[in-house]
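A.B. asks: Quick paste of what Swiss-Prot says about this protein:
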type: BINDING; residues: Asp488, Asp494; note: Mg(2+) binding site
type: DOMAIN; residues: 555-614; note: domain 'KH'
type: DOMAIN; residues: 624-692; note: domain 'S1 motif'
Amino acid sequence: MLNSIVHKFQYGQHTVVLNTGAIARQANAAVMVSIGDTTVLVTVVSSNQEKIDQGFFPLVVHYQERTYAAGKFPGGFFRREGRPSESEILTSRLIDRPIRPLFPKGFLNDIQIIATVVSVNPQIHPDIVAMIGVSAALSLSDIPFFGPIGAARVGYIKDQYILNPTTIELSNSKLDLVVAGTDSNILMVESAACVLSEQEMLNAIVFGHEQQQTVIQNINQLVKKAGKVKYDWKLKDMDILLSEYLSNLYRSRVNVSCLVGVNKKDRQEQLNNIKHDIIDITLREYNENIDVNEVMSFLNNLEIKLLRSSILRDNVRFDGRSPDMIREIDISAGILPRTHGSALFTRGDTQALVTATLGTERDAQNLDELTGDRVDRFLLHYNFPPYCTGEIGIVGAPRRREIGHGRLAKRGMLAVMPNSNEFPYTVRVVSEVTESNGSSSMASICGASLALMDAGVPIKESVAGVAMGLIKENSNFIILSDIISDEDHIGDMDFKVSGTRTGITALQMDIKIKGITYDIIEVSFKKARCALLRILDIMDQVIKIPRKDISEFAPRIYSIKINPDKIKDVIGKGGSVIRALTEKTSTIIDIEDDGVIKVISLNAEKAKQAVDRIQEITANIAIGSIYTGRVTHIVDFGAFVTLFAGKEGLVHISQITEKRVNRVSDYLKLGQEVLVKVLEIDRQGRMRLSMRGINHI
């Protein structure tokens with residue numbers, strides 16, 4: 001009989017159910033976690049073998065959604081789930097980031113975490129459910145892990161913070177923030193905001209962290225009932241004499257002050273040459289009786305320690321900047337003649353070539369997600385080719401990092417984008433990172449803001465982005481503005497923030513140590529605000545407001561509203577009217593059920609002709625008014641004249657002219673255009689027309 005252990009607790013407006021012991025028993029740990037009807041199965045498996053020659057922690061997180069969870073079939077020919085969607089990749093990264101710092105330093109065993117969504121309530125997004133499940137599974141397992149962590153989504157509606165808002169609540173929220181942390185520290189923040197103040201953002205982080213303590217406490221209770229004993233793992237200590245020898249040798253050869261102002265490539269080359277020389281000397285000294293990988297790891301850690309100490313002690317960074325100084329910025333807008341909008345944003349050795357393309361509703365992305373279908377009118381894609389770091393690499397489909405950075409840049413711009421009523425275009429922004437030395441995603445946000453303005457997109461305000469770093473030793477810490485890649489590598493925090501002059505639009509914070517306090521976050525916000533304002537000042541010197549008109553190469557979209565009852569008149573019998581209109585004017589015409597008609601053309605004059613014709617077709621015929629019509633039938637007692645949209649009326653033989661008419665054909669021919677006056681419209685809509693006194697016949 002399966003031994004299932006179930007633990008339930010209240011978390012905000014929802015009940016969380018943790019179930020372990022009955023499913024996936026071959027894994028190191030497995031948890032089935034449910035909130036409402038959203039259920040995720042989380043498994044954790046660790047290898048027994050250490051990858052000693054690997055320079056990074058081999059942790060892999062797979063978040064996967066099964067369509068059966070929502071009672072759906074997968075799309076495509078094979079009717080089977082394929083490669084992960086963008087949403088699945090982003091959630092995998094969301095889970096990975098807060099747990100990675102909580103494994104022991106030097107732990108190099110393979111760990112694979114799989115979170116599978118097996119049931120979904122469209123009102124409860126599975127990401128928070130999966131994060132709670134991963135925290136519980138790692139805590140229950142025998143794998144060394146300094147958790148558990150909690151996770152919370154925070155909304156902001158009517159000046160009130162909402163814990164884990166539903167999908168409907170989130171659509172009305174000014175904030176979508178996910179925060180994860182331990183019982184005492186914050187580890188990760190991911191958010192998009194509708195231009196909120198730094199204090200509002202900080203309060204949201206504090207609120208989410210306080211609320212998630214319930215999760216941590218209840219996971220600890222479950223561990224007491226069902227947790228495994230952690231297996232004994234300790235970092236192998238290097239021989240004391242060897243470590244002292246290496247330390248003295250390295251310190252004697254490295255002068256950190258001589259590295260200040262040296263470019264990234266030369267600095268890394270100097271440091272690598274020193275390390276390889278030390279390894280060669282050590283091999284001779286110890287008769288090759290040493291582990292080269294162990295020595296290199298020791299030297300790398302020593303290098304980081306020396307570089308960190310230098311910044312803390314001297315307040316001088318690798319490139320000679322003070323802690324609060326941003327790099328030199330160079331901006332050009334409108335540099336690509338045939339794109340709808342473009343900008344080149346360069347900050348130090350980081351550069352992004354950003355373009356904006358305008359399209360129609362037909363270009364929008366239709367997303368079939370577990371929580372429901374939706375249409376995305378704003379796309380932002382981030383490309384990071386290998387040449388941007390002077391390397392040779394694989395070129396192909398976007399990797400996880402590119403997808404994550406693109407989504408962050410998109411979050412940064414969403415708050416200032418116009419709605420479909422203000423600007424009826426689908427917009428695609430592409431950032432080509434042409435040089436990279438830190439903060440390329442933030443450069444992409446700056447470039448996106450500039451390119452959108454160059455394209456004439458009426459964004460509400462300019463948006464800039466900056467990455468802040470942290471060096472922390474015990475209670476002593478320093479915040480660095482606009483960090484470069486080496487500072488990111490040796491630092492304890494990556495704090496990326498974007499915003500306008502009035503507030504924050506996006507925040508992504510990742511901590512590499514076991515957490516930071518609210519005070520550090522508050523200082524980071526204040527310094528980021530100063531940096532953003534300086535960057536915005538420089539951007540505004542190039543382009544401050546959107547251009548008044550869109551590119552001559554962009555499609556023109558004209559929108560009009562008609563009575564829905566007249567849609568059939570615009571379409572015509574079998575589509576005859578709209579087909580003839582589109583062919584004559586070379587336009588695309590989209591008609592909505594509510595009577596909104598969009599006319600699309602690369603030629604503004606042609607589009608105007610189509611709009612005028614639609615307005616003519618849908619106009620109400622007024623008694624006493626004069627219209628142009630075409631003779632369509634001739635009979636003994638008169639002629640039938642079609643006005644527009646197939647509206648036909650009779651001109652009686654007595655109403656053709658003031659003279660006596662014996663034969664209608666003596667005065668009128670089929671296809672002849674004539675002016676007619678509407679005399680009467682009966683209840684059935686039949687019109688009585690007159691040509692008398694109007695036409696020269």
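Here the Cβ of each residue, glycine as well, is placed from N, Cα and C on the backbone.
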A.B. asks: For the domain 'KH' (555-614), what does DSSP give as the number of helix, strand and coil residues?
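C.D. replies: Here the numbers are 32 helix, 16 strand, 12 coil.
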A.B. asks: Relative to the Cβ of Asp488 (Mg(2+) binding site), which residues of the same chain, six or more apart in sequence, are found under 8 Å away?
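C.D. replies: Looking at Cβ-Cβ distances below 8 Å from Asp488 (Mg(2+) binding site), excluding near sequence neighbours, one finds Gly438, Ala467, Gly469, Asp494.
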A.B. asks: Tally of helix, strand and coil residues over the domain 'S1 motif' (624-692) according to DSSP?
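C.D. replies: For that range the per-state counts are 6 helix, 33 strand, 30 coil.
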A.B. asks: To what whole number does the mean pLDDT across the domain 'S1 motif' (624-692) round?
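C.D. replies: That stretch averages a pLDDT of 89.
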A.B. asks: Can you tell me whether DSSP puts Asp494 (Mg(2+) binding site) in helix, strand or coil?
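C.D. replies: The residue in question, Asp494 (Mg(2+) binding site), is strand (DSSP, three-state).
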A.B. asks: Tally every other Cβ atom lying within 10 Å of the Cβ atom of Asp494 (Mg(2+) binding site).
C.D. replies: 20
